[in-house]
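What Swiss-Prot records for this protein:
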TRANSMEM  4-26  transmembrane segment
TRANSMEM  45-67  transmembrane segment
TRANSMEM  87-109  transmembrane segment
TRANSMEM  122-139  transmembrane segment
TRANSMEM  154-176  transmembrane segment
TRANSMEM  183-205  transmembrane segment
DOMAIN    363-579  domain 'Histidine kinase'
MOD_RES   HIS390  phosphohistidine
Amino acid sequence: MLNLFILLLERVGLIILLAYILMNINHFKTMMSERDKWRSKFQLIIIFGIFSMISNFTGIEIENGHIVSGDIYYHLSKDASMANTRVLTIGVSGLIGGPWVAIIVGIISGLCRLYIGGADAYTYLISSIVIAIISGYFGHQTIKQNTYPSIKKGAIIGAITEIIQMGCILLFTNNLHHAITLVSFIALPMIIINSLGTAIFLTIILSTIKQEEQMRAVQTHDVLQLANETLPYFRSGLNEKSAQQAAEIILKLMQVSAVAITNKKDILTHIGAGSDHHVARKEIITDLSKEVIQSGKLKVAHTREGIGCHHPNCPLEGAIVVPLYIHNEVAGTLKFYFTDNNIISTSDQQLAKGLANIFSSQLELGQAEMQGQLLKDAEIKSLQAQVNPHFFFNAINTISALVRIDSEKARRLLIQLSQFFRSNLNGARNNTITLQKELQQVAAYLSLEQARYPNRFNIHYRIDDQCQDALIPPFIIQILVENSIKHAFKNRKKNNHIDVDVSMKQDYLSISVQDNGQGIPADQLDTIGYTTVTSTTGTGNALVNLNKRLTGLFGTTSALNIQSSQSGTTVSCLIPYKSSKEEHFNESVNR
């Protein structure tokens, strides 16, 4: 009996070893967390079906109360029986997967045992199904509660299921004397082994789940700590200063060799190993980062070639690169670099992904705050324009001069002046206005400018009829037209033309303002609309403000597009088309 116990212990060890290997595979861990889904049940049937066949074919032949052999068996003689771990695999399949998994595994195991043959082989098919129903019942209770049986409960169920098998052998046998001899020899070792094996199997599962929970807790703590310390920086936007401050904190708190943050084009910061050639303010040099920006998906590299850095002395051997999003559009990347590619773990990847999600949310919140601030700035500038001494007195002086010459025209200009002030104030208080109202604002502004400088410039409109009700951010066209008048023509007093073109391009509204002025110097063209410039006629801050509002509201696809030559300048943008009629309809429905 002791020999049988040791041989059975070896068989259980094989099953436990396979279980341990499976529980260290991520796919199996995911499957175990989704046991109530049929996809997972089907996979559990396959796995435990294979386990049950291994248990059958690695059994120990028993004849007349003695061990004959422990070899792998395909067929037994008619008087021989077998001691194996079949009940263990059926019982555990039921405790983990529930009744349907256990019943199908039980049928597979029973048919396999029937195929091997021996004395009363059909008995084992019956016992397999009975054991499956009982273990499946207990498993179903725990699946409903999203838990697992305790180790103690599993051990008791394991012993009970083996006792049931012994009962089936005695109940359904054709040779009671043979059955009693067999049960008296194998019962105690198999009951102990089955109980012990079930307990160990559940211990592996429960300990793995506990480790996963502890790892998640540590990851959550790390993510929250990092998020808490980097929170103030990403709220200010994705720029060089905020990126460097955040990267310094990440490098200090994480076990990585280097941290880098980029936008879609340039490296904003790189701190740690490889900083001699991964330099801020330069274009992205790694192929891996470009792939992430293109695909919008997390990428992991375990070799220098996978990173795609072409510097011959680059010390970086591994990397995790995660995209940063703003309003569902890739805005940049967060990169963790390693000089030892063997230490890149799944937890590092999950941590990087979690941080990227939090940083993306902070960037979106920061941008929303920036939009609110920009709108406030626009309102302040609008109010300032109303009391601006130069603009106000120039307009009043022009009207005063016209009162004696052409009182009717002076009256019309006063109306236009009041219209201009009113439109400025109303526009600053709204995120969008109709194109029609924007054009009225432009007309009011131009009438005052043309009164001061008669015949100095001509303006032409090409507006699609279907665009009149389109909603656009206020001051777009006015700022572009005003920019042309102030900067395009210098001291030229005639043959100055401005063309305003508004049309539909698929689902976008295309707005273009073109002049035939002197053009923008080539050294300033790339910075116009992004940074202020030094000029005797202004700083270009209005275009910077406008560009920020456009990209903040609609994304980078709506950024200002500036083309210039010696024959003139064209400033254009694309805005997602939305009709004021549609908005009014939606508001009326929601009331």
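Backbone N, Cα and C atoms are what each Cβ position is placed from, and that goes for glycine too.
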Contact between the transmembrane segment (183-205) and the transmembrane segment (122-139) (at least 3 Cβ pairs under 8 Å, separation 6+): no
Long-range neighbours of the transmembrane segment (87-109), counting only residues six or more past its ends (CB under 8 A): 12, 15, 32, 35, 40-41, 44-45, 48-49, 51-53, 55-56, 125, 127-129, 131-140, 142-143, 148-149, 154, 157-158, 161-162, 165, 190, 193-194, 197-198, 201-202, 205
Other parts of the chain folded back onto the transmembrane segment (154-176), taken as Cβ under 8 Å at six or more residues beyond its ends: 87-88, 90-92, 95, 119-120, 122-124, 126-127, 130-131, 134-135, 138, 182-183, 187, 190-192, 194-199, 201-202
